[in-house]
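Feature annotations, reproduced from Swiss-Prot:
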{"type": "ACT_SITE", "residues": "E102", "note": "active site, nucleophile"}
{"type": "ACT_SITE", "residues": "E106", "note": "active site, proton donor"}
{"type": "DISULFID", "residues": "C224-C233", "note": "disulfide bond"}
{"type": "DISULFID", "residues": "C268-C282", "note": "disulfide bond"}
{"type": "DOMAIN", "residues": "26-215", "note": "domain 'GH16'"}
{"type": "SIGNAL", "residues": "1-25", "note": "signal peptide"}
{"type": "SITE", "residues": "D104", "note": "site 'Important for catalytic activity'"}
Amino acid sequence: MAASPYSIFAVQLLLLASWMLSSSSSNFNQDFNIAWGGGRARILNNGELVTLSLDKASGSGFRSKNLYLFGKIDMQLKLVPGNSAGTVTTYYLSSEGSVRDEIDFEFLGNLTGEPYTLHTNVYSHGKGEREQQFRLWFDPAADFHTYSILWNSKTIVFYVDQTPVREFKNMESIGVPYLRQPMRLFSSIWNADEWATRGGLIKTDWTQAPFTTSYRNFRADNACVWAAKASSCGLAAGGNAWLSVELDAKSRGRLRWVRRNQMIYDYCVDGKRFPRGVPPECKLNLHI
């Protein structure tokens, strides 16, 4: 039986309300749920700040109430100061189900005075193994910095303080699945001392616990909320130019600078890991 005009209108109102909610000023009470960790995850300052903590018993995490299908998402993070070795702070988009799409920022802790490793990965249709790692050009525990994901039908770009550090293009034309599932935003802190710092050689020093990461200024102004099997971007008048944005010449130059000066691992040049040849997308990504 065909849906009535009234039910269609109700769905449209729901989507418009979701879009307006996501475009308003950040409020963690409004936008997120604590996912795990109990009192280790705290929403403070009337919803303006979140802290996630890790102790020997457990880590903690939160997730967005909304699902997104394409978007530009920003969050400011201040990472664990001092001896953060063995800890991992995550900030990522992920779909539901076993054949997942995922866009990962992970911050691997280190000894006091040693740099964090920014670990990135992309899963498309359940396939990952696309790790790239970087050293940041600042201390991410000294102050808040902005980490952003641009995801549209043409490309995915990882940004740090508006500087692009990684791009994953739509390469369906050569048989590489692209990310097209609705995703939530997640963040967490947890213990990974079996691998996180120097391949697991440095273990977590629990005398330094609790380890705490802070979050503020979440923005999803340019993000398509997915609800009732429809996208809010079909209702928003204008403001969706980012849906077709790609890196311009200036941004591509900044990306090349990051790759030359800050990248410490790239799966696309790991011949030992891929003795039969690197994945097909690498042939395009090497020429940026």
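Even glycines carry a Cβ here, placed using N, Cα and C.
Note that the coordinates shown come from a computational prediction; the quantities given were computed from them, not determined experimentally.
Structure coloured by features recorded in Swiss-Prot.
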residue	record	DSSP class
E102	active site, nucleophile	strand
C224	disulfide bond	strand
C233	disulfide bond	helix
C268	disulfide bond	helix
C282	disulfide bond	helix
C268 (disulfide bond) sits from E106 (active site, proton donor) (Cα to Cα, rounded, in Å) at a distance of 19
Expressed in Å to no decimal places, the gap between the Cα atoms of C282 (disulfide bond) and D104 (site 'Important for catalytic activity') is 18
CB contacts under 8 angstroms to D104 (site 'Important for catalytic activity'), restricted to the same chain and 6+ apart in sequence, sorted by sequence, are T90, Y92, H119, T120, N121, V122, Y123
Cβ neighbour count within 10 Å, max among the disulfide-bonded residues C233, C268, C282, goes to C233
Between the C-alpha atoms of C224 (disulfide bond) and C268 (disulfide bond), the distance in angstrom, to the nearest integer, is 31
The predicted model's mean pLDDT over the domain 'GH16' (26-215) is 97
C233 (disulfide bond) sits from E102 (active site, nucleophile) (Cα to Cα, rounded, in Å) at a distance of 21
